[in-house]
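Here's the structure, in structure tokens; my notes come after.
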Amino acid sequence: MRIAILSQGPELYSTKRLVEAATLRGHEVKVINPLECYMNINMRQSSIHIGGEELPPFDAVIPRIGASITFYGSAVLRQFEMMGVYALNDSVGISRSRDKLRSMQLMSRRGIGLPITGFANKPSDIPDLIDMVGGAPLVIKLLEGTQGIGVVLAETRKAAESVIEAFMGLKANIMVQEYIKEANGADIRCFVLGDKVIAAMKRQAMPGEFRSNLHRGGTASLVKLTPEERSVAIRAAKTMGLNVAGVDLLRSNHGPVVMEVNSSPGLEGIEGATAKDVAGAIIEFVEKNALKAKKPTQA
């Protein structure tokens, strides 16, 4: 098969592992920077171009689109879909998962466990917003933040009011969530592929830090999932419409709660912690599904 990988970073671990796994299985692979693509959209024959050259046909596309280029990256991916190319994760699923508030709303409708979450626009609503999530301590998140950036733990009510007011003053979109103290600075990353969790790791925050992201200095280790945790992770990925997802869970006193669904989960941490060939499993999944008939995505 001819496989395109949409990625700005050909030297990134995840991209290199996918290229390696696909090549090992006899496929032709091309890493394409979506920001270098431009599109011809017409009723006869749509196409994608780079540097004056039209891209050749591909059987499948694996999107590794960073959060900062979601809009343009999704547009390029959608063009591949409109041309009949199988997308491992489609543009609609990626857009859903990148909108933190929308993803929370969708999962709440499906009855998936979540931290109590509040969203408001007016500063006069701040006191009620804080009460809604159980008071301080609480977590304040920028809707556009990634890798733990733009996440604040407000330990007192006064601190919470000040931080929320400051973000609102900057016209930044934020959501407020209850703080799951019993998680003790740890979360669980479930790597979902299709209808299975194929790998999982526990991420522990550094001492004095509540964010467990590996980019923030957290450490990763093997973890045994409960049947409920597996079910929640798979349901969360399906709710977003994703074939591949990194679902982040916290173990709370009222069961597993989903913090985030990542449509472009990194492979380095999960492969290192579990010693599993996650990249190989992804390529095998693409092989099994790319040749099936696939209608163009809905806009």
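Using the three backbone atoms N, Cα and C, a Cβ is placed for every residue, glycine included.
Database features, via Swiss-Prot:
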- 104-287: domain 'ATP-grasp' (DOMAIN)
- Lys141, Glu178, Tyr179, Asp187, Arg211, Ser212, Asn213: ATP binding site (BINDING)
- Asp248, Glu260: Mn(2+) 1 binding site (BINDING)
- Asp248, Glu260: Mg(2+) 1 binding site (BINDING)
- Glu260, Asn262: Mg(2+) 2 binding site (BINDING)
- Glu260, Asn262: Mn(2+) 2 binding site (BINDING)
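Confidence over the domain 'ATP-grasp' (104-287), given as mean pLDDT on the 0 to 100 scale, stands at 93. Across the fold, the C-alpha of Lys141 (ATP binding site) and the C-alpha of Asp248 (Mn(2+) 1 binding site) stand 15 Å from each other. Among the binding-site residues Tyr179, Asp187, Asp248, the ones whose Cα sits within 10 Å of the Cα of Asn262 (Mg(2+) 2 binding site) are Asp248.
Residues within less than 8 Å, Cβ to Cβ, of Glu178 (ATP binding site) and separated from it by at least 6 positions along the same chain comprise Pro115, Ile116, Thr117, Val133, Gly134, Leu138, Val139. Asp187 (ATP binding site) carries a strand DSSP state (E or B). Residue pair Asp248 (Mn(2+) 1 binding site) / Tyr179 (ATP binding site) shows a Cα separation of 15 Å.
Distance from the CA of Asp187 (ATP binding site) to the CA of Glu260 (Mn(2+) 1 binding site) is 11 Å.
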